[in-house]
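To start, the structure under review is shown below, and the notes come after it.
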Amino acid sequence: MARGLLRFFATGADKPEIGDAATVSTLFHRHRFRVMLAITLGYGLIYTCRLALGMVKKPLIDAGVFTPTELGLIGSALFYTYAIGKLTNGFLADHANMKRFLAFAFLATAICNLLMGFTTTVWAAALLWGLNGWFQSFGAPGGVVAMTSWFSNQERGRAYGVWSTAHSIGEGLTFLVVGSLVAAAGWRWGFWGPGVLGAATAVGCYLLIQDRPRTMGLPAVNDWKKDNYNEAPKPGIKSVLGLQLSILKLPAIWILCLASATTYVTRYAINSWGVLYLQEARGFSLPAAGTLLMISTLAGIAGAIGFGFISDKYFAARRPPVNLIFALMEIAGLALFFWGPNTMPVMVFSMLLFGMGLTGLVTSLGGLFAVDIAPKRVAGAAMGVIGIFSYIGAALQEQISGFMIERGMTVVDGVRTYDFGPVIWFWIGSSVISMLLAASLWRTRLRD
């Protein structure tokens, strides 16, 4: 049975190459657009299934369903399974047919969300949310493998930047649409809404995405684009598995792992607890808090595209200088968000800075820099190695943040108040450490 499943998901055999150049160009243009649409919009829509828990924390706490510590445990289950799954599924993605690989994962994560809407016990919720994390982990390495199969070396920074807007699309939909749905219909619809959307996304992904170009009788994309001139000689490792394991010998990969992990502490601190902070510390309603965080995701779209474009065009594809610029933007945005005046113009400006800076860093530290350093044929494995550290950081954040927030929570005469001070220092400190680690890679050379 296991072998049958592997064969079902495996990439197809190469077909004889089509001889007509016009037909080749037509097929490439058609399918490149569809693949990019599927991996960007599809991944963005399915992202709502990952972030739903962050929108329902206050109603769950207020209703006595879960405590902050229990919510931290449930939330961390997704990140731990996502971390492990992103590593293993990153290796599998290099061998998989993306049409089946991604459509299956999107449908499975939708089902997990639908079931979460019926769940009120801690361990059942942790189990379901952990399964959700496992299936979510197919998405990023699958998207990167599809992108590197259909877009050439010199297009990679821009293509990766466009694909990275998926995070912002998903976050924006979650903060605005799911937040409004929860406010209107209750916490259960915070899971049911994304579940229905996820099922529809799985169908659309299956219809749009394609396997590798060679399985359709097309040449490799670098051959079609005549973009092989700056590739380094291929290493003397014959098997793909050997290439995959070779990335573990690169010191820069390990530094990137730690830098990305600390970036993800702050990223998911805001995604998971930002709405609760705005409601309890700043006095925002759920729709207003969601709208404010959505601003950061809109800025993130510009940050993701801008990072790839700026680093490719103005820094000769060198990521470290741009990493520093975007890290400083992120930290400045966080400082304004937590310590600035409680006025809407200041809060909006803080989210613009934070969203652009953070998403630019996620674009780089979360994958693009690793893809630059590692051999292109094993892009999925490089994403997997970075991913496991990134989401272990996110998981530890979830548990530590939940514990610290509950320690700072007091209830007097039925009124609940919070002291967010200690946890804020934890979040901002993680961003500073990430910036310093990324800066240590200033002289790192790119490799293909």
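A Cβ is built for glycine as well, from the same backbone N, Cα and C atoms used for every other residue.
Unlike curated records, TrEMBL annotations are generated automatically.
Copied over from TrEMBL, here are the features:
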| type | residues | note |
| --- | --- | --- |
| TRANSMEM | 35-53 | transmembrane segment |
| DOMAIN | 35-446 | domain 'Major facilitator superfamily (MFS) profile' |
| TRANSMEM | 73-92 | transmembrane segment |
| TRANSMEM | 104-128 | transmembrane segment |
| TRANSMEM | 134-153 | transmembrane segment |
| TRANSMEM | 160-183 | transmembrane segment |
| TRANSMEM | 189-209 | transmembrane segment |
| TRANSMEM | 247-266 | transmembrane segment |
| TRANSMEM | 286-310 | transmembrane segment |
| TRANSMEM | 322-340 | transmembrane segment |
| TRANSMEM | 346-371 | transmembrane segment |
| TRANSMEM | 378-396 | transmembrane segment |
| TRANSMEM | 424-442 | transmembrane segment |
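The stretches the transmembrane segment (322-340) and the transmembrane segment (35-53) do not meet in space: the count of Cβ pairs below 8 angstroms, excluding pairs fewer than 6 apart in sequence, stays at fewer than three.
In this chain, the transmembrane segment (286-310) lies close to the transmembrane segment (160-183): three or more C-beta pairs between them fall below 8 angstroms, excluding pairs fewer than 6 positions apart. Below 8 A, the CB atoms of the transmembrane segment (189-209) and the transmembrane segment (35-53) form 3+ pairs separated by six or more positions in the chain. For the transmembrane segment (35-53), the residues of the chain that approach it from at least six positions outside its boundaries are 71, 74-75, 78, 98, 102, 106, 109-110, 112-113, 116, 129, 132-133, 136, 139-140, 142-143, 146-147, 150-151, 159, 162-163, 165-171, 173-174, 177-178, 190-191, 193-195, 197-198, 200-201, 204-205, 208-210, 271-272, judged by C-beta separation under 8 angstroms. The stretch in 73-92, 104-128, 160-183, 247-266, 346-371 that contributes the largest number of Cβ pairs under 8 Å to the transmembrane segment (378-396) is 73-92. If one looks beyond the transmembrane segment (247-266) by at least 6 residues along the same chain, the residues whose Cβ comes under 8 Å of a Cβ in the stretch are 330, 334, 358, 361-362, 365-366, 369-370, 373-375, 378, 381-382, 385-386, 388-394, 396-397, 426-428, 430-431, 433-434, 437-438, 440-441, 444. Confidence for the domain 'Major facilitator superfamily (MFS) profile' (35-446), expressed as mean pLDDT, is 86.
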